[in-house]
Ligand SMILES: NC(=O)c1ccc[n+]([C@@H]2O[C@H](COP(=O)([O-])OP(=O)(O)OC[C@H]3O[C@@H](n4cnc5c(N)ncnc54)[C@H](OP(=O)(O)O)[C@@H]3O)[C@@H](O)[C@H]2O)c1
């Protein structure tokens, strides 16, 4: 089934457009599983893929994009600098390696995957150079807390375009979102389905029933209602389609408040709070 490209976007602080919705491919196996997932997503209208060197599937993402026949410049590709590659000497090489694996001349967004203490500022300076050299159309960070953002804002030439963090109603990081908005940093929600662990939550199930939608669609729409970029992962064709069908309904202000109150500091991924 083919549907129109999902074109709702946000504008990043450097003026470039980023689709508000995309496919995440963490834990998507390299080879057929990843190629099929990306092809299925592109076929139903996704135009944004989130990968990382550490996911081990950049090559497959690149292959699927080429196989789709969709022009490269119509697809927003994000990849990330892994921890072991951080620092002055290794960062540029890692980015060049990612470009080679993906088979592209540039990515749309390059992120520091995690705020590694003592290395992250040197890494950021290399990202700034890579941005000037047009190897990435935008640069940003991931797993940065408010403190890490303030440090970066003080010491950097370029304000990060994006902060990609775990974000869903059960980990509703309101203060971090406010800090990002205030500083024109786009928040991007990873693990928006709480890594699949909250689709059976009774309150989400009851909200889904009310809107005639699925739990996953409610969780994804909750981010979109707040202008937050969101990148659910699935390897199943029917779920890839289901997760994209979130642009034909709205969650009322009242129900947004109910969902936002579900916060219980529930993390499914790493916690950067105590990183120096
Ligand atoms: N920057 C970072 O440090 C970081 C960390 C984590 C994630 N991410 C990014 O964010 C993306 C999404 O996060 P995530 O992969 O952790 O988790 P997620 O998207 O919250 O959830 C994925 C899980 O939910 C299942 N699922 C997908 N659609 C579903 C549906 N409609 N109904 C029920 N279950 C469904 C998937 O299983 P199936 O595949 O079997 O459908 C998978 O087990 C990642 O792929 C990655 O790109 C970034």
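Using N, Cα and C of the backbone, Cβ positions are placed for all residues, glycine too.
Among the features that TrEMBL reports, active site, proton donor is placed at 55. Under the DSSP three-state reduction, residue 55 (active site, proton donor) is assigned to helix.
Per TrEMBL, the feature substrate binding site maps to 113. Taking Cβ-Cβ distances under 8 Å and a sequence separation of 6 or more, the neighbours of residue 113 (substrate binding site) in its chain are 52, 54, 80, 81, 82, 83, 142, 143.
For 23-263, the entry in TrEMBL reads domain 'NADP-dependent oxidoreductase'.
For residue 80 (site 'Lowers pKa of active site Tyr'), other Cβ atoms within 10 Å of its Cβ number 28. Residues annotated as site 'Lowers pKa of active site Tyr' in TrEMBL: 80.
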#### Entry: residue 80 (site 'Lowers pKa of active site Tyr') - helix vs strand vs coil (DSSP)
strand
### Query
If you skip the near sequence neighbours and keep only those at least six away, which residues in the chain come within under 8 angstroms of residue 55 (active site, proton donor), Cβ to Cβ?
25, 26, 27, 28
